[in-house]
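Heads up: the structure comes next, in structure tokens.
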Ligand code: G6P
């Protein structure tokens, strides 16, 4: 997804902008550009492809400046070409933009009639021309921007500079995240604080509708109604600044191996010995007591963790739970039932569809006078989702850089289980001994996960058998059915092999027709009530010449044989098995992708944080 960096300082900031863009590369993009103001001129460089191309261009042209904006673009309106790359110019204005301006065509037609000439196919360029136009009747850059923003429909963030205002950076947040990095005698903006961590750890988080007027000495923020408002400056803990691959070849591998620690962190915040901490989600107790059903809303990998939570909610604490993909949920006007708890699951907390589904539900419930509550399970403490829900539980996975989600997923599962235990306890729906046993198993989980990671070399060997394949099936039952979906998603997103995840019981209803010598079938086989049924499904595959790759509980009795490869997974309580069985499918996808030579951390066409629809 697009990234914004900008700054105003006394020193040349071209290197800072480039470094900031590099730190946003993980979000996925297809072109990059920057504009600097120098002696009342706008100097611009843009390049298709990686930030390093832009860096080379800036080195060659040697452009410098103390005020500037930069951008990585993930094409939405118009192809990934240099002309469409940001910043976009109009006369002496330069603009970078994240998100979408929905009414750009209408605005563009009016601007064309007024004589403006467009040099790109983007929705962004209208903003640059609108600012130029507004400056004909407004005395300052700030008031010109303030007059333009209400004309724009959609969700967006903007960074704007003008050659005649060499000490002014204007930032707008309207539905797409933007932070201000506070320095000494210099200030910066970034669509993600990660971009600015090398230069500051002090941030002002803009709120929806904020317009920031930023100079070297000052940050002034104006709300919708143009009244100046105060926003606190927050200092970040130094530990969040770890964003390097260290000894690992890819962020994804590093993040896979960070899971025992991430899990431990996430669990520790909620547990005290063999009990839930007294203060754990204490503020939510009243709402939890009244909850009659749960509606989970999420996208991608986060949706898969929701699917697992459904089994847990219903089997463990007898609470009805529905799960839906946010992009469907938001447009279907689902019936709002009083005392429903809406749970948004999201790594980033900024996913456009999930946020829109939440906001729409809150709005409709309010209009109907229905009491509902909302909760975010999220990895980013400063995200919109956390701010806009009644309650939240953080997954303490640390920054996740690889586009394919790994540690965020397993920590989401741990967080969901903890929160289910809490509701169960508050509603008196979980026996004390069940709660104690589950907590014991949760504490044990990081160790089991660590032991599972020991099978890395074995999984690497198996991955060699996938390199030439075109298709792959993943099968599981119960809580490992969503892991089959997740395994298929992981494989397709980073290795570009077509993969499908199925509930093993559905095999005979279609996918069995695909099974032949060339179709690897991955089986998730924990030791649970469904194991015998799963073994029958394996027979069905073998009888059709399929090759089985089984991740099986060490005590499952499933052994290696011709065309049946088995990786023994350490035993774990059946409740928590999806956390553990995530590991082999992550490792398998990772190794297959590396062997196929794909861009593992930034797979083609995908983005880490999908902040547009
Ligand atoms: C993108 C990412 C996925 C992620 C999904 C939902 O598709 O590539 O890894 O699962 O968005 O993102 P969220 O931040 O809401 O979990």
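From the backbone N, Cα and C atoms, a Cβ is placed for every residue, glycine too.
Where the annotation comes from TrEMBL, it is an automatic prediction and has not been curated.
DSSP assigns residue 2 (active site, nucleophile) to coil in the three-state reduction, outside any helix or strand. If you look up TrEMBL, you'll see 2 marked as active site, nucleophile.
Under the three-state DSSP scheme, residue 608 (active site, for Fru-6P isomerization activity) falls in the coil class. Its Cβ taken as reference, residue 608 (active site, for Fru-6P isomerization activity) is surrounded by 22 other Cβ atoms within 10 Å in the chains shown. Annotation comment: TrEMBL describes 608 as active site, for Fru-6P isomerization activity.
Per TrEMBL, domain 'Glutamine amidotransferase type-2' is recorded for 2-217.
Sequence annotations record features per position, and here TrEMBL assigns domain 'SIS' to 284-429 (among others).
Residues or ranges marked as domain 'SIS' by TrEMBL: 462-603 (among others). Here the domain 'SIS' (462-603) is broken down by DSSP into helix, strand and coil counts: 69 helix, 32 strand, 41 coil.
On a Cα basis, residue 608 (active site, for Fru-6P isomerization activity) lies 10 Å away from residue 2 (active site, nucleophile). For residue 2 (active site, nucleophile), the count of additional Cβ atoms within 10 Å of its Cβ stands at 29 [all protein chains shown].
For the domain 'SIS' (462-603), the model gives a mean pLDDT of 95.
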